[in-house]
Amino acid sequence: MALACLNSLNANAEIFSFDTRNSLNSDTLVLFHSADSTTYSLDFLPQSTQDQLNLAVADNSFSGKRGEVLEILVPSEIDAKRVLLVGIGDAKTLTPGEINALGGNIAAKLETVPQATVRVLTQGLNNAPLFGSELAHGIELRSYRYTQFKASNRVEKNYQIGVDDLSLNQKHHKNLQAVEAGVFLARDLTNAPAGNMYPESFANEARKLKSLGVKVTVLEAKDIERLNLGALAAVGKGSERPPKLVVAHWPGSKEAPIALVGKGITFDSGGYNIKATGTSIARMKSDMAGAATVLGTVKAMAIQKAPVNLVAIMPMAENMVSGHAMIPGDVITTAQGLTVEVLNTDAEGRLVLADGLWYARENYRPSVIIDVATLTGSKVSALGTVYAGLFTDSEPLVQQLTFAGQQVGEKVWRLPLDQAYDDELKSTIADLKNTGKEGSAGASAAAMFLKRFAGDQPWAHLDIAGHALTATDTAVVPAGATGYGVRLLSTWLTQPKAQN
């Protein structure tokens with residue numbers, strides 16, 4: 001049974017089918033080899049072919065290390081144009097994310113191959129019953145392309161994956177494709193130029209989720225003024241394009257909702273604290289990646305009809321320079337009533353999140369709030385791009401989000417929330433200021449700012465600065481927008497006791 005990929009319009013769909021056959025006929029045959037010298041699915045091959053494979057492994061010093069790929073001469077008994085032997089390391093310890101990466105490596109290896117059919121044999125991997133479906137997930141994630149302004153000449157591949165448990169892999173793959181749809185939405189939104197993706201156009205993309213049963217509400221500038229969302233209004237007032245507050249609600253259960261709040265700065269010039277020209281400002285179309293992530297997560301849950309009550313709050317604005325723009329030294333009033341002295345107009349993300357957090361608390365009474373934002377360069381200095389920064393006082397959230405991140409390869413690392421960083425936010429003329437001390441731990445100071453608005457329920461802040469875009473291909477992400485966080489949050493939402 002072939003399962004079509006639920007890709008966004010800008011992604012090139014691969015075709016997948018799962019079966020339990022031992023067929024070897026294909027343009028490309030893929031086999032797997034572990035670090036303990038086990039080649040899986042060998043029983044399907046003639047003895048002479050097995051001998052040739054073992055000889056190729058020995059001659060090429062192929063260790064079976066995870067991610068290692070060896071292309072070997074095609075044995076005469078196999079009707080294929082190429083055979084790939086893929087190392088999986090220790091099969092007993094593979095995480096889903098590591099299997100995804102193997103799939104991405106295969107997709108990359110076959111990117112320029114003109115032949116379409118690929119036969120993948122995963123039978124015998126008893127410690128990874130979902131290996132086939134997770135492998136397909138990685139292939140699909142890597143095969144995404146943003147083609148709005150550039151045509152793709154990729155050859156669509158037809159992957160035929162042999163598995164031990166057909167029903168289990170088909171069902172799991174269907175759920176993974178829902179997650180892919182969310183990832184691809186987030187990538188599409190983040191890849192789009194800021195001239196095309198601004199608060200109103202983002203809201204229009206969110207409205208498309210109504211067809212999936214998502215309740216979408218868009219607060220216009222007049223609504224923002226009426227509700228006293230003063231921080232969001234202040235950040236957006238320098239642009240000709242007014243700010244919005246976008247809400248996407250998937251009512252998949254009657255439990256108290258989980259709220260995701262995503263920073264949605266569709267272009268960040270820095271305001272009057274303007275960013276340096278060059279690569280830094282050119283990347284600032286991606287400052288809405290947090291909003292893209294939480295909207296993509298809602299889409300993923302809606303497609304698989306997940307039994308979770310999930311609401312995404314996305315404060316959207318452009319941070320621009322004009323005669324109407326916020327200027328350094330301004331004092332603004334947030335929806336919560338706290339006044340903020342704006343000492344740096346380029347520390348605007350925490351301002352829109354403050355009103356977003358307040359709106360989530362006041363209107364949905366959530367059991368948990370997680371905000372997602374490309375917030376601080378300080379986080380990149382501390383952790384680089386291997387880990388996202390996790391800030392929370394909730395030990396269950398630390399454990400759950402850390403585990404979910406390890407499972408899918410979107411890892412998080414806990415950073416400190418400390419009163420000392422809150423003390424840095426004291427202002428002589430307002431309740432607080434929007435920056436800490438120069439040269440201090442900026443990511444922690446920003447998190448302490450957000451904590452003022454997060455409420456008493458469990459809350460976590462994910463600083464994904466450095467993760468929104470990648471300049472080079474990685475295992476499951478082609479160069480461009482990553483959709484980082486959709487897989488992490490989707491796994492967290494669907495794992496047991498995620499709402500505790």
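For all residues, glycine too, the Cβ spot is worked out from N, Cα and C.
Summary of the site annotation: Swiss-Prot records Mn(2+) 2 binding at LYS263, ASP268, GLU348. Screening the candidates ASP223, ASP287, ASP371 against this entry identifies ASP287 as the one listed for that site. The recorded positions shown are LYS263, ASP287, ASP346, GLU348, ARG350; of these, the one with its CA atom nearest the CA of LYS275 (active site) is ASP346. The two recorded residues, ASP268 (Mn(2+) 2 binding site) and ASP346 (Mn(2+) 1 binding site), show a Cα separation of 8 Å. ASP346 (Mn(2+) 1 binding site) sits 11 Å from ASP287 (Mn(2+) 2 binding site), taking the CA atoms of both as reference points. ARG350 (active site) sits 12 Å from ASP287 (Mn(2+) 2 binding site), counting Cα to Cα.
Contacts of LYS263 (Mn(2+) 2 binding site) defined by a Cβ separation under 8 A and a same-chain sequence distance of 6+ are given as ASP287, MET288, ALA289, GLY290, ALA291, PRO315, GLY349, VAL352, LEU353, GLY356, ASP371, VAL372, ALA373, THR374, LEU375, in order along the sequence.
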